Structure formats: C-alpha cells, structure tokens
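Step one of this worksheet: look at the structure below.
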Amino acid sequence: MTRDQQAYSIALASFSLENSDVRDVELQVPPRAYPLIRPRLTSSAVLKIIGDTAQVTSPLVVKAIINFASESYSGHRLGQSVPPVGKGIGLTFALLLMQVVASLCTHHFFYRSTSAGVLLRGGLITAIYTRSLKLTSRARSTLTNGKLVNHISTDVSRIDFCAGYFHMAWTAPIQLAICLVLLILNLGPSALAGFAFFILATPPQTIVMKRMFKLRAKSMEWTDKRAKLLQELLGGMKVIKFFAWEIPFLARITEFRKREMAYIRSLLLLRSANNAVAMSMPALASVIAFVIYSVTGHTLEPDVIFTSLTLFNLLRLPLMFLPVSFSAIADAANATSRLYAVFEAELLEKTHTVDRDLKVAIEVKHASFTWDSPPPEEESQSKKRRGRQSSKVKAQVKADAAAKRKQLDDKAKSDEENVFKVRDINMSIPRGQLVAVVGSVGSGKTSLLQGLIGEMRKTSGDIVFGGSVGYCPQSAWIQNATIRENICFGRPFEEERYWKAVRDSCLEPDLEMLPNGDMTEVGEKGISLSGGQKQRLNICRAIYCDTEIQIFDDPLSALDAHVGKAVFQNVLQNATSGKTRILVTHALHFLPQVDYIYVIDDGRIAERGTYPELMAKGGEFSLFVTEFGSSEDEEDRERKAEEDAIEGDRDSGKTKDEAEEKKEKERTAKIRGSVAGAALMQTEERNTGAIAWGAYKDYMKAGHGDVVAPLLLLSLVLMQGTTVVSSYWLVWWQERTFNHPQGFYMGIYAGLGVGQAVANFLMGAAFAVLTYFASQSLHRDAIRRVMHAPMSFFETTPLGRIMNRFSKDIDTIDNLLGEALRMFMGTFSAILGAIILISIVLPWFLIGVFVILLGYIYAAAFYRASARELKRLDSGWPQSVPMEKQNGSDWTTKKRVDVENRAYWLTVTNQRWLGIRLDFLGALLTFIVSMLTVGTRFTISPAQTGLVLSYILSVQQAFGWMVRQSAEVENNMNSVERILYYAQEVEQEAPHSLPEKKPAASWPAHGRLELKNVVLSYRPELPPVLKGISMSVKAGEKIGINWRWEEFDHDCPLRLVELTSGSILLDDVDVSTIGLTDLRNGLAIIPQDPLLSATAAEDELPPSGAQTPVNRFSLDTVIEDEGGNLSVGQRSLVSLARALVKNARVIILDEATASVDYETDRKIQDTIAYEFKDRTILCIAHRLRTIISYDRICVLDAGQIAEFDTPTKLYDNTDGIFRGMCERSSITLDDIKLAVKATTHDTDD
C-alpha cells in the first residue's frame, strides 16, 4: 500500500461514522486509526526512549570527566600520581557516542511520528472533502464553505502537528523522573526541594493550559465567523461593488477580527507567562536545591555542583517541549472536536433505487420530500454561577431556563412547519419520453428534481430509476479549469462524442471567439464566461455524460431566443433522442413539442397530461398558456419557414446537411488547432531566494517595533546576563573567591535566578505585543486593499488562494511566527553567552567553534534554500483543494491532496536531514570542549572544567535549535511576505471618494445618460467587447438591450471595468471623474447572479450604513449560505428588492427575470413600470417579451449597435435582427402594441 493509499485509509478508518452511533464516536476514533499508524507510532516511541535515555544519562559521563579533571588537577598540584590521559580521552569518546546515539534516535523519532501526521493530514483533507459532498442542506447551513476551508487549513494542520509532539507528553515526564533520581543521588534530599518547586509550579501551569485551551476555542469561533463572511463576500464581490458595500462589510469583518484578536492577545500573554515559568524552573529549582544543600552543611564539590547543574539544565528541553506538546494536544483535541461536527453531520440518504429491468424509466409512488429546517439556536446563557445563589434566585434561573427552552422548542417547531415540502408525488415516466415540469416561481419544480436525485430529504414513498441518471442544474457549476476539462469532468476524452456534444450545445461559435478554443481557462466559477456560455457548457457536460435518464433544471433560461431554440432542438430532441428526459422550463413555446407535462403548484402536482389534453381541460395551465404562450399556428408557421429555407438550399444545388457538415468541419478543425495559451488565472506570485529584509522591516513597523524593539533588546540582555553570571557565580561560590559568608553567595545566586524568570517573561511579553499589533495591522491593511481591488483581480485569482492568505497565513502570523521569533532570539542569545563564557575559560575554544560554526553556516544555507521554497510551495498549494460541490470531484481532490503533500513531505524530511547534521556538529563541539578540558586538566580548576562541560552540554542543542528556528522564522515570514503582497501590491480601483469632485447630494437628479464612442476591454491584453458604442438616453426612458451573441457589458456604467476610450455622462457628469462610491450609490443594478449570504432576508437588503427605508419590511426568514434554501427565481426576486429599496434614478437590470416564469416576469415588469416610472432603466435581456414594452430597444451585434429604435419601428424592418428574433420567439406586432398599451396603463394608474 502506498503512502497516499494509507493516508486515505487512515482517514476513512478514523472517521467512518456513517453507521456509527454518535454517542460512541469518541471511543471509536482512536482504535480505528491506530492499527494503520501503529508501526510508525510504536517504532517512534522506542526510538524516543532510547534517545532520551542516552541524553539524560550523559551527565554521568560528564561527572566522570569532572572527577578525572579534579583528580588530575589536585594530583598535579600536590605532586601525586594522576589518572592516565587515556581515561579522559576514553570518557570523551564515550560522551561523543552518547550524543550521536541520542541525536540519531531523536531525529528518527521525529521522522516516524511526523510521517504519521502527514498520513493523517492527507487522509483527513480527502475525507473532509468527500464527506462535504454528501451533506444535507441542514448540515450545509452550519458547515459553510468558509468553515470547511478553515477546518482544512487550520484544524487538520494542528492534528498533523500534534502527531510529531504527542509522545513528548509522556516521555518528557520520564525524562524528568530520571533526572530527579540522578539529582537525588548527587544532592541527596536537597534535590527533593528543587523537585518540590516543580510540583508546586505544576497546578498553576495546568490552570493556565486549561485557560489557553478555552481561549483557543473562543478565538476559533470568531475565526470561523470571519472566514465564513469573507468566503461569501469574495464569492459575490461583483455584487458588493455594484452596490458600493465595501465599507460596511469591511466594518463587519473588522469587528469579527477585533473580537478574534481579543482572545488571541490573552492567549499570547498567557503563553508568555507559561513559557517564562517553564524556562526558568530549572534555574529556580537549582537555586533552591544548592542553597538547601549548602545550608545543611554540605560542601559544594565541582562534580556534584556541575553534574547537578547539567541535570537541571537538561530539564529545560522536556520542560520546554512539555507545554508545547500539551498545547499541541489541546489544539489537536480542539481541532478534533471541531472535526466531529463535520463527521457527525447529517448525510444525504439514498432516496432511490436503480432497477434496470424496470419497464418505465422513472416510477415514483406517494413520495414526499422536505427541506431541512435550520438547527435550533443554542442557548447563549452560561451555566456558571450556580453556587452561591439564594433559593429564590435559583428558582428564577430555572424558570427563565425553562421559558428559554420552550421558546427554542416553539421556534424549532414553527421552523419545521414553515419549511417547504413537496407532497404526495406520483409519477410514471416511460422510457425515451421528453417530459416537461412547469409552474410558477417557488412552486417546487427544482425541489421536485432535488428530491428525485436525493438532494432533498424523502419523508415517505418510493422512487425507482430504470437506469443511470444525469443532472443539469439551473445554476451552472463550473470548475476553475479549461473548457475541455469542464466538459469531460474526469471522464476519458472521446473525440467524436466530445465534438458532437460541443456542436449540439451551440458552443462552437464561442470556442471560435475564445483565444485558445476549448483549452481556454474559464476562471473561478467560470467568471470569464457569460451566463449563457456557462449554461451551455453545463448542458454540454450533461450530454457528454451520456446517461440513460437526463434531468434538466431550466437550462434554457439563460439563453437568448434563437440559441435556446437551437439547443432545445439539438439536445432535447435530437442528441438525447431515445433517452428519458425531464425538463423544467418557463419557455412555454417549447411545451407543444414535449411528450408529457406535469404542472406543479405549492409542492404538489396540480395537473398532468399531454399538451393537447391540458389545453382541452381549460384549467390554470391552459389559461396561462393562452395569455403568455404561443399558438400552434405560430409554431407551424415557424417550422414552415425553416422548411422553406432548407428547400431553398436544395434548389441551389447544396443540401443543408452538406453545407452544415462542411461548415462544422471547418469550425472543428479551427478549434482543435487551438492550444493552451496565456492562462486566464494568474500564476500566484512567489518570490524566490531569501526573505527580503523589507519584509522584516515592514513586520516590525506593523508591530510598533520602535517601541517594542528596545524592550526586546533589554530583556534579552537581562536574561542572558543573569544566566551567564549565575553559572559563573557557582565557580566563585565553590572557590570562595570573595571573602563573604555563605549567605552572601546564596542571596546573589537566588536573586540571579529570579532575574532570569523576570527577564524571560519580559521577553515573551514583548514578542506577544509585537505579534498582536503586527497581525492586527497586516490583516487590516490586506483586507482593506483586497476589498478595493478591481474586479479583474477576482477574475484572475482563485478564491481558494485569497482564502488561504486570510486563513492559514493569518493563523501562522497569529500563533506561530511570534513563538518562532522568541525561540530563535532566545537560542541565539544563549549561544552568544556560551561562546563568551567558555572562551574566557578556554581561549582555544574559539578556533574550534569557528570551524564548527562554518559547518553550521553551510548546513543552514543549504537547508534554508530548499526549506524556504518548499514552504512557499506548501503555502500556495492548499488553495487548490475545492470546498464546494461545484468546484471539484472526488478523484481530482485526492489527486490534488497528493500533490500538496509532496511539498509538505519534503519539508518534513528536509528538517530531519538538517537536524541530524546539526546535532552531529553539536556533538563535535562538545567533543572539542571535552578534549580541551582533558588537555588543560593541570591548568584550569575543576570548578571551571565542570562549568564549561555543563554549559556546552546545555547549549550544544541550542546551536542546532537556533538554525532550525532561523529557518522556521524564515518559513513563517513567508506568510508575512504573502500578506504584505496583498497589503501593498494588489492593484487598486480608482478612488472611492474624491471630495474635490464630489457631485451634488441630489445627483443624479434626472437620470440622463449618454455614451460617447465607448470602447471597452475586460483586460488590456484582450480584444474589446464594446467597439465605439454611442447612444443617448433621456431621463426616465426605458431602454431594452438585446444581442446576437452575449457581448454587452453592464459593468461599464459602474466602472467595474474602466473604459479603454470614450466617455459616459450621467446628468452631464463624466462618471470617470468622480469617486466610485458616489457613482455606484447613484445607480442600482439587479445582477444576473445574485449574492445571498446566510442571514435573515431583511439583511439581504443594503447592509448597515446604507440609508434605506427597510422599516417597511418584516422579513425574518433565514436564508442559508449562498441562498441554498431559495430557488434561483426567488433569489432573483430578493435581488430585485435590493434595487427597490435603493431608490436610485438609474436602474440596470442584467437578465433579472431570466429565471422566473412569464407571469412573474409580467408582475415584475408591472412593478418596475409603476415603481420606476420616472426612473431611467437599462434592461439587458434575451427574453424579448421582457423588453418589448420599453421605449426603445438596442440590438448589439459584434460589439456595435446594429439597431436602436422603438419596438414597433424595429419590427417594421422585415430584414432586421430584431424582427427575426421576434419571429423566432412567436412575437407579433399586436403583442408589442398590447404590451406597450398595458405598460402605459399601469404607469398612468
């Protein structure tokens, strides 16, 4: 089994909860995961024990060397025999061997334990995504995309990190126990006094750890909220800019971040205090032990003092790693508990069975479906303060709690009753039929289809399919990939079937216009495509899927008349002939061509039958079709016209088939010749080489470095000064250098120990302050600049990349960078102090340390070069894991996770490569000092020998740790570099406010609009989509805009895309000369893709800060994430409500009614005619009935105005484009006159 297969198996074993009782989940997870990672965990534990044993027992060898030096020193001075030098050399080599063994075992321990973490990481990411595809709508309402991204970028990383430090939670206490035994052997009962200090310090540390755990959980709650809001905003950035909502939403994000940082600030300060205690405990314990040892009448002998000092100093590492491991376990436990929300979430149940022997294609018997109501609110009141309450207060608390529970229960029951349901559905669809499902907006058409395919909870009944099922949703879902990859969607590329699907879905003309044909990248959610192009791509994928049953949810709504008709004929009548097809549609003129019709009303089947049967019944359907639909005579005339055209081709000596075949071959050859050229999505900026010093400077500036830096320097000097002096003070004490009593030495030594603790805390607090201010400032500057970036930035930057910056990178700056800086500066100052101290005693040490330092520098440079780039790759790749159903498939996600883990795996192994070499160099450094002490045994005192040996043992690991932490700092500074790019380099829109050119408060007062030779390109490298457009629109005039191909850009009046040339005047003000906020507040737009967030419906109106008469509304219906509990038509209606309350003088409707039925369309148009009767309206629509009542209609062709006049005059032009589109849509001159008359009547009323 490969590593990647193991990873996925581990995740499935760890969280295979589909058939588990939720109450038993916590008991089931460890046993399920353990067998798969047992070999790594067991072997790493054995290696850890061996390494720790070698490390902890090395002070015994040091004691032997000190005894050897003491006997040699005293024997030489007294002229007595001295031990042979071979003994000292042998002990030196024994110490070297123990150091090498400890190093090898420790790093292989890290390698094996972190490899288990890598497996868990890869498996969990895949499992989270796989499970996210199966969540119910209720689960999706709480597990939003932002939360899922945060789970992957933060929680999984914490579980992975914990795997490397988990064993230290139990090996560190063993190390401490061994050290304690050796200390007792050295110091006797006095060692217990030092140990008692550790015992007394443990409860406060435990309390602090618990508090840190709670603070972490609280901060993550606000992190999730911030990520969720940011995900929604980035997904609907175009709408945010349409309505100039950047500042209100920025204020909301800032508030979330402020609350998040309040908990992080407390967490950082608590961590500083905890680290100060942990790092100072050995020094304070040694102070207590040595003072009591001296007071009890013992003589401070060098071998006793410095062996004990070595043991106390060796306590630093387990004590340093113990809080790290506890913190890692706490973070992992918190992360695991958060992940249970994903793996315990409700999954979609299989609502249907497949029986290929079924006589019909689909059989539904008494089926009912319901959307899940959102989960009930949790009680916000705390359960604390129960203790010291009077009986009266307790009774009142209980009564309030009972009332609260009843209120929540009543609300949950009300939500359950009000949730939309589809009831008592009975359907039997023969094989090979084309069946239509029709009904008004919100009647339940989409819900019926969702119920059939299992996306809606089935409450009763049976569903049986007679074959495989394909689904084409109403909202096209597009991957951030090429057009070909979107169509094939993981299936093998079959050329003939592929190009036929492209032709049938009318994509060939679009591919011809695209620079790279079907190898063109379409961007995040297909942002570079129009709504019609995305929908045809959606249809093409459904055809290529080639299933036996194909379900189409109103895919024709986004297509203009002639394209929609061609797609209907090519796809639903020809390409899928012989397959069973279910079509939801509002296009009534297609209904005579279907085999059977179901009419849905309020979640029930109101009518059913063939088209002639329903028309003959005289029910609601026939009345509706009579009013809005086309007659059979018009359909016959249209078919007759097509037949005449074909006959004309035959008379000219060329059949239609021959002509079309030749044309198709030419097109296909041209498209196939296209190759992947310049990608739409920008390659992520990635610096190479060392982190620029400017990044460090900007980080310090953001963290108020001018104030914090002096405090840092002072604390470092104090910490190392007290450490070095306290170590050498023991030499003076043992040798009685100063003529003072024992109390003098004791007092000074105790004061120096307390000074170390205070300096340690000051250093940690300084780094906490630096981290807090820097993180807050960098996030504020980055999010502000991103929110004011032009739309081209969001069109060319994957959403996952932006989210990665504001989740993983921000988390690194919040929690990891400051700690890495603290540890680097601490180890650096410790090494500097060690070199000074040892060089004073052994000047020859400088030569050895110079050579060894060259080795450190070489290894560090070699490592940092690769580690830096690997970290950059690892930081950039998590964006590619999709977190939405529309963004990926299961197999592609596993493949991407595998690719991402390659960089991470190399990072892990790279660190072990470095660690072994650095520790070997450290062992050589210890060997050099040991050999120097053997060589100078006659000239330096035993106390000095003991000092340098104990000191080199305590700091030799600091050499390697400093190099590793320098690389870790640089790796984490990569996150700063990435955030700084967003905070400083992201391109900005034009100024949102220009006080000197601010228009009058009443602007625009009339709504007069004039376009003068407007040329517009989406980006400078792309060809123009508007080519010299000039038009003049009177105040209050209603202009309909139609096109031959999707080419009109509604962004130009709002300056989402700046003009290449030309100008736009609104009430005689050039819109390019004023601030964007002033401009966008003066206009209102109803976009084709509405942005809906998980809020109450009233909150979907302009956010706080925009003045609107929302008091007229009483809308408390909860809207789920991205409007998931509303139909596409209902979302459009909510979007319309935004424009109604904005009360602007100029209204732009961009396909606002494409997803609603004709009756709702008419009501909307009546509302517009009445509410906006004195407003200027630009309505972009392919549904001609929407705009035939307008004052004038502009027809665009090839980016230019082809026709522009009143509807009646354009219709009179028999050879005109508009006349041809009307005929294809069965619109007569009488229809136009009737629509104009009705609109005029409504306006007069």
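Cβ coordinates come from backbone N, Cα and C, glycine included.
Whatever TrEMBL says is automated annotation, not expert-curated.
Per TrEMBL, the features are as follows:
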- 44-331: domain 'ABC transmembrane type-1' (DOMAIN)
- 89-111: transmembrane segment (TRANSMEM)
- 165-185: transmembrane segment (TRANSMEM)
- 191-209: transmembrane segment (TRANSMEM)
- 268-293: transmembrane segment (TRANSMEM)
- 305-330: transmembrane segment (TRANSMEM)
- 371-396: region 'Disordered' (REGION)
- 406-627: domain 'ABC transporter' (DOMAIN)
- 629-668: region 'Disordered' (REGION)
- 637-668: compositional bias 'Basic and acidic residues' (COMPBIAS)
- 707-732: transmembrane segment (TRANSMEM)
- 711-872: domain 'ABC transmembrane type-1' (DOMAIN)
- 744-775: transmembrane segment (TRANSMEM)
- 820-838: transmembrane segment (TRANSMEM)
- 844-863: transmembrane segment (TRANSMEM)
- 920-940: transmembrane segment (TRANSMEM)
- 1009-1223: domain 'ABC transporter' (DOMAIN)
Worksheet item: So, do the transmembrane segment (820-838) and the transmembrane segment (191-209) meet, by the test of 3 or more Cβ pairs under 8 Å (sequence gap 6 or more)?
Response: no
Discussion item. Below 8 Å between Cβ atoms, which of the listed ranges 89-111, 191-209, 268-293, 305-330, 920-940 makes the most pairs with the transmembrane segment (844-863)?
Written reply: 920-940
Fill in: Best-contacting stretch, by C-beta pairs under 8 Å, relative to the transmembrane segment (268-293) and drawn from 305-330, 744-775, 920-940
744-775
Discussion item. For the transmembrane segment (165-185), give me same-chain residues lying six or more residues beyond its boundaries with a C-beta closer than 8 angstroms to one of its C-beta atoms, as numbers and ranges.
Written reply: 41, 44-45, 48-49, 52-53, 55-57, 59-60, 109, 113, 191-192, 194-195, 198, 289, 307-308, 311-312, 314-315, 317-319, 321-322, 324-326, 328-329, 332
Practice prompt. Using a Cβ-Cβ cut-off of under 8 Å, list the residues of the same chain that are 6+ residues beyond the ends of the transmembrane segment (920-940) and lie near it.
Written response: 65, 68-69, 72-73, 76, 82, 85, 88-89, 91-93, 95-96, 99-100, 103, 838, 841-842, 844-845, 848-849, 852, 855-856, 859, 948-949, 952-953, 956-957, 959-960
